[in-house]
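Pasting a structure here, questions to come.
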Amino acid sequence: MLKAKILFVGPCESGKTVLANFLTESSDITEYSPTQGVRILEFENPHVTSNNKGTGCEFELWDCGGDAKFESCWPALMKDAHGVVIVFNADIPSHRKEMEMWYSCFVQQQSLQDTQCMLIAHHKPGSGDDKGSLSLSPPLNKLKLVHSNLEDDPEEIRMEFIKYLKSIINSMSESRDREEMSIMT
């Protein structure tokens, strides 16, 4: 059974924990409480399998605190990560500026492929859903960008996340197959 480690990173108060709880069907949190360091959520998704035989997959979603005071812990969090989801609040301009730092640190410096990264522009309840006006500078404009609004269309983000998990598992399966073939040859 394949086990994938996915990091949820991004600025403070961007909605990482709310999204992580929703996507893993964990408990809801009603009051804001900043994540201290990291929370690890383990889950399985029946829609994601590692091959045509329907072998299940396990996931660890690492909900990482966005405060810079945890920066010294980031190398340990990044170890053996298979994917990175950068969550930001699309309504806060400073979050857009910070995204390049998150991308550089968690994706580029870890030699992850862009396909292993997804951006989520999270819209908090009552903020409106302005999907059209978000322009990102290179290299962020090459990444998969998904808007999430748990109030108006929660299933859209769930379906996009499942697609993302499937791509991570496919990549892991292909890598494992290549490794097995190299051992046999």
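Every residue gets a Cβ built from N, Cα and C, even glycine.
Quick paste from Swiss-Prot:
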type	residues	note
BINDING	10-17, 63-67, 123-126	GTP binding site
MOD_RES	S137	phosphoserine
Could you measure between G10 (GTP binding site) and S137 (phosphoserine) for me? Cα positions, answer in whole angstrom.
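So the alpha carbons of G10 (GTP binding site) and S137 (phosphoserine) sit roughly 17 Å from each other.
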Closest to S137 (phosphoserine): which of the binding-site residues K16, C64, P125, going by Cα position?
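If we rank K16, C64, P125 by Cα distance to S137 (phosphoserine), first place goes to K16.
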Taking every protein chain in this structure into account, which of the binding-site residues G10, P125 has the most other Cβ atoms within 10 Å of its Cβ?
G10
According to DSSP, which of helix, strand or coil covers D67 (GTP binding site)?
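SS state of D67 (GTP binding site) = coil.
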